[in-house]
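Below: one structure, written as structure tokens.
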Amino acid sequence: MALDELKSAIPDFAKDLKLNLGSVIGNSDLPQQQLWGTVLACAIASRSPKVLRELEPEAKANLSAEAYTAAKSAAAIMAMNNVFYRTRHLLSDPEYGTLRAGLRMNVIGNPGVEKVDFELWSLAVSAINGCGQCLDSHEQVLRKAGVDRETIQEAVKVASVIQAVGVTLDAEAVLAE
């Protein structure tokens, strides 16, 4: 199993990450589609080749073709939106917030899977990319759809652990050169 290979690659000094990776994926209360879509979208957002290579096959095996594509779409559109909306939020001039975005985001309206799943994946990617405005927006949509805070936090835990594993393994690869 690729998850076991990924866990075994984590150095001893990051044992907490190894344990957390096993628990957030192996013991998650999220339904399979939500879990593996979150895993795939976050593996992409982590920008870690090792993490993506190890987690993608299992994600693909646990997702329908539509969900697999939608999770990749969530990572792609959030890569754009998180930069755009984080910048608008951080700029001191509030007038930027009144300007039309002018960016295509059609996939958000028609992701090819349940809207709640896509929103959850988008929220998790937004956590990795650090866009508070996007986090708030996706959290509000999820809460209005009846998603509880525990489910939202579970997706954020998956995001945080995958990101930390990616940073750790990529740093170790560089230091080993």
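Glycine is treated like the rest: Cβ placed from N, Cα and C.
Summarising the annotation, Swiss-Prot assigns active site, proton donor to Cys131 and lists sequence analysis as the type of evidence. Per Swiss-Prot, disulfide bond is recorded for Cys131-Cys134, and the stated evidence type is similarity to another entry. If you look up Swiss-Prot, you'll see Cys134 marked as active site, cysteine sulfenic acid (-SOH) intermediate.
In sequence order, Met78, Asn81, Asn82, Val83, Tyr85, Arg86, His89 are the residues near the residue listed as 'active site, proton donor', counting only same-chain partners six or more apart with C-beta under 8 A.
Taking all protein chains in view, 23 other C-beta atoms sit within 10 angstroms of the C-beta of Cys134 (disulfide bond). Under DSSP, Cys131 (active site, proton donor) is assigned to coil, being neither helix nor strand in the three-state scheme.
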